[in-house]
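Straight from Swiss-Prot, the features:
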| type | residues | note |
| --- | --- | --- |
| SITE | Asn11 | site 'Discriminates between blocked and unblocked aminoacyl-tRNA' |
| BINDING | Tyr16, Phe66, Asn68, Asn114 | tRNA binding site |
| ACT_SITE | His21 | active site, proton acceptor |
| SITE | Asp93 | site 'Stabilizes the basic form of H active site to accept a proton' |
Amino acid sequence: MDTIVIAGLGNPGSKYQWTRHNAGFLFLDRIAQLEGLSIVRKQFGGLTAEWERKGKRLVLLKPQTFMNLSGRSVMPALQFYKLKPDQLIVVHDEIDLALGAARLKQGGGHGGQNGLRSIMELLGKGDFVRLRLGIGRPPHGDVTNHVLGVFTPPEMEIFARVLDGALDMLETALDEGVPKAMSLFNNKSYLEG
């Protein structure tokens, strides 16, 4: 059975649960809710669950290392399952995408995202798929306060649609390949219901 690790990035603890930086955790929580899974197994310095879907074993991983050390959780998972970087999908917040947007990307740099930076440092490269969930830049002020800030209720309403759209995107990528999913979904906006 093919195995893919889907790492949703975020920070552990209730203090960070609804912050923009926890977009990856929120995405995995949405999958767990829809599929009747519990992401509670302690492995690889994180919490995991396995989702069997169409002949694939999908390991949902929420690193509990804090964002800046995400690679310390992702790398052991890849080693345990003997996987290559192209068998990894990282789901993360993206300040360079507006709230209401989600994009798939194959490879690339870290763009200042510290969780990606940590993973790339340990892998030695960035040849993995990223599912980028837009949180937008702050209109003015500190980026750190923005990413660690909690979604407002109107923002959360939009972000809930982003999560469902991103799940459609992920399922298409798994079933038909990343290029097909990118062509179908990368220009969609989830601002309106």
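The count begins at 1 with the first shown residue.
Yeah, the Cβs are placed from backbone N, Cα and C, and that goes for glycine too.
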Recorded positions compared (Asn11, Asn68) - highest count of Cβ atoms within 10 Å:
Asn11
Are any of Tyr16, His21, Phe66, Asn68 (the recorded positions) within 10 Å of Asp93 (site 'Stabilizes the basic form of H active site to accept a proton') when you go C-alpha to C-alpha, and if so which?
His21
Spatial neighbours, same chain, of the residue listed as 'active site, proton acceptor' - Cβ under 8 Å, 6+ residues apart:
Leu9, Gly10, Asn11, Met67, Asp93, Val147, Leu148
What's the number of neighbouring CB atoms sitting within 10 A of the CB on Asn114 (tRNA binding site)?
17
Among Tyr16, Phe66, Asn68, Asn114, listed as contacts of tRNA, what is the widest Cα spread in Å, to the nearest whole number?
16
By the DSSP assignment reduced to helix, strand and coil, which category contains Tyr16 (tRNA binding site)?
helix
